[in-house]
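Chemist: From TrEMBL, for reference:
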- C:12-30: transmembrane segment (TRANSMEM)
- C:42-61: transmembrane segment (TRANSMEM)
- C:67-86: transmembrane segment (TRANSMEM)
- C:93-110: transmembrane segment (TRANSMEM)
- C:116-136: transmembrane segment (TRANSMEM)
- C:157-182: transmembrane segment (TRANSMEM)
- C:213-234: transmembrane segment (TRANSMEM)
- C:246-265: transmembrane segment (TRANSMEM)
- C:293-311: transmembrane segment (TRANSMEM)
Amino acid sequence: MVKQFFSLAGAASGVKMFFLKGEAWRLSFLVMLALVAVITAVQPGYILPYNLLVKLRTWLPLILAAYGQTFVILGGGIDLSVGTMIALVNVTAVEVMAAGGFSPPSIVLGLLCGIAAGLAAGAVNGFCVAYLRFQPIITTFATGIIWTGLALWIRPESGGGVPMELYDLYSGQFLFFPLVVWVVLALFGLSWVLKKSSFGVHLKAVGGNAPAAFETGLPVARIRLSSYMICSVFVSLASFCILGETITGNPYAGQGYDLESISAVALGGTSLAGGIGGPVGSVFGAAILKLVNDAIFFLGIPVNFQRLMQGLILVGALAAGGVLSKKNRGKSKDES
Amino acid sequence: MTLLSAQSIKKRFGGVTALSGADFDLRSGEVHVLLGSNGCGKSTLCKVISGVVRPDSGTVRVKDRLLEDITPRLSRERGVGVVYQELSLVPSLSVAQNILLGMEKVNGLGILRDTKNEEALEEIFSEFRDLFPRGFSLETMVHALTPDLQQLVEIMKVLARDPEILIFDEPTASLSKEQIDLFFGILDRLKAKEKGIIFISHKLEEIFRVGDRITIMRGGKHVGCSTISSITRDEIVHLMVGDIFQSEYRKSSPYRSGRELLGGRGLSGRSIREIDFSLGQGEILGLGGLQGQGQRAFLLTLFGVEPLHEGTLEREGRAVSLKSPKQAMRESLAYISGDRKKYGVFLIRSILENLFISRVILNTMPLFRRKTLKGSADSVIQDLGLVYDTLDRPVSTLSGGNQQKVIIGRWLLNNPAVILMDDPTKGVDVKTKKDLYELMERMCQAGCSVIWNSSDDQELLQNADRVLVFREGRVIRELSGKDLNESTLYRAALGVDDPAEEGR
Amino acid sequence: MKQHIARVLDPTVLVFSLCLVLLAIGQIVSPGFAAPRQIINMLVVASFLGIVAAGQSLVVIGGKNGIDLSVGNLVTFGAIVGGAVMRQQDQRLMLALLAVLFFSFLVGLLNGTGVVFFGIPPLVMTLGMGIIVAATNRFITGGVPVGGASPLLRILVVGRIGGVPGILFWWILIAVLVLVLLHNSRYGMNLYALGSNETAAKLSGVSVVPMRIITFGLCSLLAGLAGFLYLGYLGSVYNITLGDKYTLASVVAVVVGGTALTGGVGGYRGVFFGAIMLQLLESLLITLRMEQFGRNITFGVVLLLLIFMYGRDKKLRM
Amino acid sequence: AGRGEAKSEGFVIGVSNPWVGSEWRTQMVDRVQEVAQPYIREGFIKEVVVQSFDVPLEGQIDQIRNLISRGADVILVNPADANALNPVIREAVQRGIIVIATDTEVSSPDAINVAIDQAEWARISARWLVDKLGDQGKIVAINGISGHPANTARVRGYTEVFRDASGIEILNQVNADWDNALGQSTMQNLLATYPDINGVWVQDGMAEGALRAIRSAGRDDIYVTGEARVGYLNLWKETGIDGIGVANPPGCMASALEVAVQLLKGRELKDGVLSGPFGNTLYVPVPVVVTNLNFDTVYNEYKGYPDYYSVDGHITPAQAEQFFK
Ligand SMILES: Nc1ncnc2c1ncn2[C@@H]1O[C@H](COP(=O)(O)OP(=O)(O)OP(=O)(O)O)[C@@H](O)[C@H]1O
Ligand SMILES: Nc1ncnc2c1ncn2[C@@H]1O[C@H](COP(=O)(O)OP(=O)(O)OP(=O)(O)O)[C@@H](O)[C@H]1O
Ligand SMILES: [Mg+2]
Ligand SMILES: [Mg+2]
């Protein structure tokens with residue numbers, strides 16, 4: 001009887017493993033392909049390399065933001081300040097570049113300062129959440145307001161006289177391939193590294209069960225702090241992409257990226273409760289969000305239905321993911 | 001050699017004193033048993049040693065080096081490994097990841113060195129393999145495992161760290177006999193390697209089997225330390241509970257057979273099998289046996305929490321189907337759990353709300369005045385001897401015993417006919433225990449019946465008119481009359497007299 | 001002593017004192033800031049947020065990461081549906097109100113269903129539902145709002161009795177109802193129990209699933225009602241994003257009012273003053289002629305300070 | 001098909017609008033589709049493809065790229081930023097697409113702007129206010145979204161006027177994000193803070209909110225500027241104020257379409273018609289300024305329209321031809 005019980009449990013865990021082996025992104029990948037297929041059916045040019053490349057350029061900021069957000073969420077937090085952080089990084093970089101007359105060294109310096117500003121913002125978020133134990137949602141909302149304030153202080157309105165060269169740089173080639181392609185490849189590479197690294201495991205441990213991670217001797221606060229800082233690096237990169245695309249210093253850049261990046265993460269199969277998932281899914285999740293918009297446009301759906309479709313698809317995908325993961329979800333962290 | 005010593009450790013949690021000057025020391029090559037009643041501070045002491053709990057005062061030394069401002073990380077580095085009572089596993093990670101958590105072998109870039117890690121895992125797992133089901137993989141997520149296997153994973157996790165000092169906090173509570181045997185084998189080998197081992201268990205026979213020395217705690221400090229060979233069971237029990245427990249309590253009024261208040265035929269559920277029972281008015285029906293054999297599941301099934309797969313349940317002869325606690329409450333059932341933090345109390349809410357939550361649910365009027373509620377609690381509060389400041393204070397400001405009284409009060413306010421008690425005296429002091437026993441007797445005299453699950457055999461035998469002995473989800477024996485004694489209960493629980501068990 | 005400190009730090013008291021401090025500062029730097037008329041003005045503006053935050057606090061108190069990010073869109077929804085049904089006619093006022101309440105409650109039930117039955121985290125469930133509601137708003141109006149408040153509704157909201165506009169009476173009425181609901185009703189007791197310990201609540205007879213779903217329903221209903229009253233204040237809907245600002249502001253008001261996002265604690269008393277405090281702060285910063293960036297930074301820092309005082313998670317090391 | 005030769009299947013007109021929050025934008029999109037109808041009937045235009053959605057800046061870039069993919073010959077944009085679209089405009093122009101920005105001016109040398117002069121638009125009502133106050137008084141201003149180019153131009157416009165009027169003191173300037181409701185509550189705040197306000201410079205739907213706040217505070221001694229929208233006109237009629245309503249025409253995109261049609265026909269712009277900060281703007285006149293002098297005429301014309309409707313106007317084909325050689 002006992003043995004029988006064991007084998008049942010074993011079979012059940014086999015089924016669960018199929019879904020939970022960190023492969024939740026498979027589903028999002030399929031959805032993404034399906035959307036591309038649908039659009040291509042009505043707009044064959046959509047799948048041409050040139051078009052996809054151009055698309056990638058506009059999607060990359062969200063992909064990067066969602067990628068960064070995944071780290072925070074995996075570690076059991078959330079970051080509602082990524083949108084305004086994008087603006088802060090953007091205006092910082094542009095201001096520094098402008099001060100140097102957009103000379104090549106000043107551009108490099110501007111990018112470095114931008115990342116530094118992003119890292120500082122991420123560090124503040126991380127410090128408040130990890131060390132002061134502030135509740136993440138409301139904390140990052142509050143810091144987000146502050147980032148906007150700082151961005152407006154640095155540059156009250158958009159502009160900055162950024163030269164077209166920056167756009168050429170962003171849309172240009174690097175070692176025979178477009179820069180954005182390299183970035184995406186690097187993201188996949190990094191995901192692999194994360195999966196293979198002890199940091200990835202530790203991050204998931206902290207997000208999955210912080211007290212247990214602490215009792216095991218993991219530096220929980222430091223890991224959570226670094227999750228916010230890593231996020232801020234990707235957010236800075238997202239900000240640079242926006243800068244390359246819009247060649248404008250804009251204190252309102254990145255509006256809406258916070259909630260959209262969270263949606264992308266959820267669509268990518270990462271549990272918002274933390275501990276389960278990974279950044280690859282978020283890449284596909286972000287692509288899905290963008291593709292839904294394109295599908296709506298190319299299918300010629302009336303303007304007034306567009307948002308409805310968008311919402312329905314989002315909720316539908318989440319519900320499907322919920323049903324799937326409900327079947328194999330771990331005991332939620334705190335049953336109490 | 002003294003590996004570890006803890007001196008006059010004090011720790012308060014809010015109003016509760018968990019440790020009030022505990023001393024402890026551990027030598028290499030010994031299994032040092034830590035024993036004491038529930039809530040006496042054993043786990044807290046372990047957590048102080050491992051740095052999970054920061055003591056208010058006192059010192060911990062490892063090999064004569066003072067551990068200052070201990071964190072789990074620091075204690076691990078100094079060679080302390082702990083199997084926590086509540087486990088420290090991450091459910092969403094695989095068994096392998098959990099075992100190696102925080103000590104994975106990585107290369108310079110932080111990338112896991114798979115082969116090395118696998119080797120380490122293999123080495124540890126080889127010993128345990130037979131206890132895991134066929135086809136089990138180390139890649140299985142921990143949440144998919146049964147509690148006993150999770151406990152084994154937690155043990156492997158500590159062994160993987162190869163610490164010099166090992167602390168096992170009630171590791172055997174959820175293990176089967178073969179699993180325990182294997183575990184004790186491991187303990188022997190660790191001993192041979194001159195490791196120091198702290199072992200906590202409430203089962204005396206285990207203590208005598210593996211222990212070398214024993215420290216007994218009461219009320220947050222040690223009250224005695226001795227080698228196992230020079231102490232008797234009676235002495236241990238005496239040290240544990242002190243002198244107070246002299247007055248032997250025994251339910252005075254015997255059960256007078258009357259109507260059946262609750263009865264069941266062939267009840268089967270997730271973890272209970274074909275249970276028949278009958279509960280007469282005024283009776284206390286005990287549930288006994290080893291812990292975790294389906295007693296709680298049985299109570300939860302009666303209370304509508306666990307689903308009933310087969311069988312019929314009758315309330316005063318009427319077939320009833322109880323699908324939720326609310327329905328059970330409407331049939332005048334009440335459920336009192338000793339695991340109050342999890343199942344009973346709303347720590348951050350007021351005493352008043354904790355008392356009235358169930359009463360209000362059964363009220364026909366959806367609205368109430370708090371003043372009126374307060375007034376109507378008076379008699380119950382007096383009955384229970386509840387000590388409190390005002391009813392608007394959070395219940396967390398009460399001591400555990402008083403919290404437990406609040407939960408009992410919650411159900412008394414509903415005038416229950418059948419009281420289901422699930423180890424209600426866990427972490428309750430002797431005086432309060434006695435109050436509870438007397439209260440239950442009064443309730444029975446007033447026409448209630450009680451089903452009482454207890455992990456404390458003494459308590460069970462003192463209170464119950466009959467005892468159903470559980471094993472693997474079944475009732476394997478019913479004890480009553482002169483059979484109500486420890487040896488019969490014990491034999492039944494272990495299946496000694498059961499012919500079906502003999503062949504195993 | 002310790003209990004004494006705890007009482008001083010009672011969020012309601014703290015937030016209320018903060019309101020007084022802000023009024024005092026305002027009065028000093030700009031005489032007239034604390035004049036009764038100005039206070040009433042600020043209360044009027046705060047009232048809509050206050051009503052939305054009432055619903056939000058129910059969801060938050062219920063625990064399990066309860067949060068509702070669809071409330072902003074529901075405010076717009078309430079205003080649009082109200083206007084479309086009412087078509088500026090008094091005799092359709094009741095019908096419009098019922099329609100708003102019914103449909104917004106329905107939206108909330110859907111939120112609750114997604115959360116309870118599909119296991120979608122409230123954050124994203126309500127976010128997605130917010131998009132759907134926003135889309136519905138667009139769909140109903142075709143981008144151009146139809147109808148508007150009837151004269152009676154306008155009187156009920158902005159008409160004054162003894163200098164006090166109607167909306168404040170409605171707000172107080174709603175506040176009293178919510179307080180009774182939370183502290184003197186079966187629902188409230190169940191909700192707090194649920195938020196502080198779901199397992200124990202279930203074992204005490206709380207019907208967990210209906211409770212959660214109804215709570216989301218009530219939250220949406222209050223947001224829709226706020227939108228309906230807002231319509232009375234505005235006259236007509238000009239902007240199909242008019243409610244957006246209430247989404248996160250309501251969460252902020254809830255936190256500022258001392259209701260922990262972890263559930264089980266807090267109540268509407270603090271949130272009521274929380275909403276007022278946010279408005280006072282906003283007004284004060286405008287009066288100080290502080291530039292946008294300074295207002296943002298001040299606002300964010302004040303919020304962080306309040307979180308520091310009572311928005312913190314439990315320690316890992318005890 | 002290049003410029004100058006009619007495409008046999010007709011030209012495709014793309015419209016990019018990055019914000020759907022306001023009825024003004026809806027009217028803009030509706031109006032351009034309406035104006036395209038005759039051209040569609042005669043086969044000159046094949047269709048008008050609309051990308052209208054709430055998107056951030058990069059989202060609008062994506063919109064324009066989608067329109068390029070869709071084969072647009074002309075792209076009419078209401079840009080969210082003056083500079084941010086320059087790269088994508090260049091992409092489009094390099095593929096032979098005509099890009100015309102409207103409402104807000106873009107700095108791209110590849111595009112032309114067809115718009116009213118926002119600074120001048122603001123000056124009209126500012127001058128009126130100064131006039132009414134007799135060069136003496138304390139005023140407040142309620143602005144749109146800080147940093148938005150149209151807002152910046154307007155602030156520049158009225159600031160010039162008020163600076164030149166020595167007796168006018170600006171007490172405070174507040175952003176109410178072109179939100180009617182926010183305009184109303186902001187006005188309430190301002191009224192309570194500054195009991196001695198004589199005038200308010202305010203624009204857009206916010207004007208109606210501000211006026212409501214002023215009236216419900218029982219003040220009828222404050223001059224308010226406004227925008228020519230039906231709701232505002234109704235309130236004007238109801239309260240009998242002495243007001244001004246300057247039309248900010250949603251039809252500007254329709255004007256842009258008329259210009260595009262000329263360009264598609266291969267016509268060339270006259271020398272010197274382009275001006276503006278970037279030297280690439282074709283200013284179209286403000287269609288209507290409503291004051292008590294012409295109030296009744298305008299009111300009667302627009303009486304039947306819903307509140308949100310803006311008093312509108314766009315250039316006719318004949319007027320468009322005036323700009324061309
Ligand atoms: N985190 C905590 N917060 C508040 N009180 C606590 C906490 N941890 C332990 N306590 C209290 O400290 C006392 C000692 O608890 P501890 O867990 O050490 O007992 P124990 O001897 O391990 O009991 P058991 O045999 O039941 O495991 C108890 O009264 C308990 O309620
Ligand atoms: N999880 C927890 N969080 C916060 N406080 C807790 C927790 N668990 C227990 N406590 C504290 O523990 C106290 C009650 O626990 P406990 O069961 O140890 O009391 P006790 O000392 O055993 O009392 P008694 O002697 O009456 O049994 C309360 O004061 C409460 O503050
Ligand atoms: Mg213990
Ligand atoms: Mg106790």
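Cβ atoms here come from the backbone N, Cα and C positions, even for glycine.
What you are looking at is a predicted structure, and each value in this text was computed from that prediction instead of being measured.
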Chemist: For the transmembrane segment (C:67-86), which stretch among C:12-30, C:42-61, C:213-234, C:293-311 has the most Cβ pairs under 8 A?
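Modeler: Between the stretches C:12-30, C:42-61, C:213-234, C:293-311, C:213-234 has the largest tally.
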Chemist: For the transmembrane segment (C:246-265), which recorded stretch in the set C:12-30, C:42-61, C:93-110, C:213-234 gives the largest number of Cβ pairs separated by under 8 Å?
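Modeler: Ranking C:12-30, C:42-61, C:93-110, C:213-234 by Cβ pairs under 8 Å to the transmembrane segment (C:246-265) puts C:42-61 first.
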Chemist: Which of C:93-110, C:116-136, C:157-182 has the most Cβ pairs closer than 8 Å to the transmembrane segment (C:42-61)?
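Modeler: Per the Cβ under 8 Å count, C:157-182.
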Chemist: Pairs of Cβ atoms less than 8 Å apart decide it: which stretch in C:12-30, C:93-110, C:157-182 has the most with the transmembrane segment (C:116-136)?
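Modeler: Selected stretch: C:93-110, with the most Cβ pairs under 8 Å.
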Chemist: Six or more residues beyond either end and a Cβ under 8 Å away: which residues meet both conditions relative to the transmembrane segment (C:12-30)?
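Modeler: Distant Cβ neighbours of the transmembrane segment (C:12-30) are 39, 256-258, 267, 269-270, 273-274, 276-277, 280-281, 283-284, 287-288, 309.
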Chemist: Taking residues 6+ outside the transmembrane segment (C:93-110), which of them lie with a CB under 8 Å of any CB in it?
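Modeler: Counting only partners 6 or more residues beyond its ends, the transmembrane segment (C:93-110) has Cβ contacts under 8 Å with 68, 70, 74, 77-78, 81-83, 85-86, 129, 133, 150, 152-153, 213-214, 216-221, 223-225, 227-228.
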Chemist: For the transmembrane segment (C:157-182), give me same-chain residues lying six or more residues beyond its boundaries with a C-beta closer than 8 angstroms to one of its C-beta atoms, as numbers and ranges.
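Modeler: Counting only partners 6 or more residues beyond its ends, the transmembrane segment (C:157-182) has Cβ contacts under 8 Å with 36-37, 40, 43-44, 47-48, 50-51, 54, 57-58, 61, 149, 188, 191-192, 222, 225, 229, 232-233, 267-269, 272.
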Chemist: Using Cβ atoms and a strict cutoff of less than 8 Å, what residues sit near the transmembrane segment (C:213-234) while being 6 or more residues removed from its termini?
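Modeler: Here the qualifying positions are 44, 47-48, 51-52, 54-56, 58-59, 62, 66, 68, 70-72, 74-83, 96-97, 100-101, 103-109, 111-113, 115-116, 126, 148-149, 153-154, 156-158, 167, 170, 174, 187, 191, 242-243, 246.
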